[in-house]
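This report concerns only the one structure given below.
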């Protein structure tokens, strides 16, 4: 069996960074990245992007050398993706922030609403219910990040954490400020509106959790395999019949429920922005399902049944 | 909203990306607009150039008639509002793809100026007689006359060097001038906004939302701090790239 030679050039300057001779033909990109790190310790594997073309797509970690369209001397182009941080860390900081920030407003700590309101409590039941719902939502997310999600990509660029935290923390503070404000106005249709909203919220939270469990079962621990998710015996997962990303559908539903419950404009805006972002993600996921699986169920839409 | 600063730059170099696309000699341009689209764009840019010329003439005539530069705003208020608002069409042009610039960037640039015209100068009558208004009006007027004629000539494939040079040179003075005018005008409006509670929503209300226009205007003023130097140096860089490129060409010819 013939060995391969691999040279790695800088994608921008074309400078030769590394030459590996006698690489096994079955070597994966992940293994090449590990070899490359030995000569350039500052670029740990997660930071590296290797491509066949300087401006082309990054090769996947599991791509095998002999299956790539290269001769026995392969030229790979390297790009530094910048400092990386693990998804778990990002998610934990993103979600712990809103949980904590919301509670600061709920307990009306000093310097927010004026001295005479410090540590007072709202006289509206819905404010307390909203706090329970908001906290529950983020505690659920934190626990899911720790115990349910399996991440196919280990890391993301460090700067994302600043961007994402500004978004989540900022919105949380903005919403919490109004919901816990001493001059808060309770919902127009009173208890009826709150009950309906609570029902929407609880159903969507259960649905979201069910989908996360179903997705977890789809991907065995430690693997990166991808399969088409199908409904299971749990009725909440039946939404998979109609959409590719029911977890997003349920997430948007939760926030709409929360917006109806609190009747607070910033919550509605947060729902809208979240919906827009999740639609973009869902469309991407939907597209990749269609590309990957020829027998993908044709009835499915990305996020909203029959519509979007 | 931070973008009132960008607005001032619009004519000069903020639209640097667009400049490249508008240039006839650009070989990177994939596909030019069709004849009908070009005709429409030419008409639009001619009308806008003429509009800002009307404003310029209006300013000069009013100055000559009055013998004073104070309160010239009233003499050109209508065409200023009309043609600055007409710039909203530029967002549409980008959105439907007949002009190859970023929709987001163009929106920010145009909206921030429309904001200054309607939400500040029009809404706060007390600032209309301030000299700061005249400062940005003059900066905008010169900028826009050059910018729209730049587009017109580019579309017709006959761009005089003088116009190109002016577009990438005058901003050095006009941009800081416009920004100062804008900032001083917003600053002058602040006490009146606070006094009248203009465009502000206060709690309690059934939407559980409040808005403090006074604080919002202060935030806008603060946003000039990071944006102004960034844009100014971007434009200087653009100027070096485009003007030196032309000179090299001349040598070859």
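Cβ atoms are placed via backbone N, Cα and C, with glycine included.
Worth saying up front: this structure is predicted, and the values here are computed from it rather than measured.
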Shared topological domain relative to the membrane, residue A:148 and residue A:307, Swiss-Prot: yes
For the topological domain 'Cytoplasmic' (A:217-245), distant same-chain residues with Cβ under 8 A (at least six beyond the ends): 62, 150, 152, 206-207, 210-211, 278, 281-282, 285-286, 289, 292-293, 295-297, 299-306
Selection from A:125-147, A:159-180, A:190-216, the stretch that has most Cβ pairs under 8 A to the transmembrane segment (A:87-106): A:159-180
Mean predicted confidence [pLDDT] for the topological domain 'Cytoplasmic' (A:217-245): 88
Modified residues (A:22, A:60), the one with most neighbouring Cβ atoms at 10 Å: A:60
Cβ atoms near residue A:58 (phosphoserine) (within 10 Å, other residues, all chains): 15
Integer Cα-Cα distance in angstrom, residue A:58 (phosphoserine) to residue A:22 (N6-acetyllysine): 23
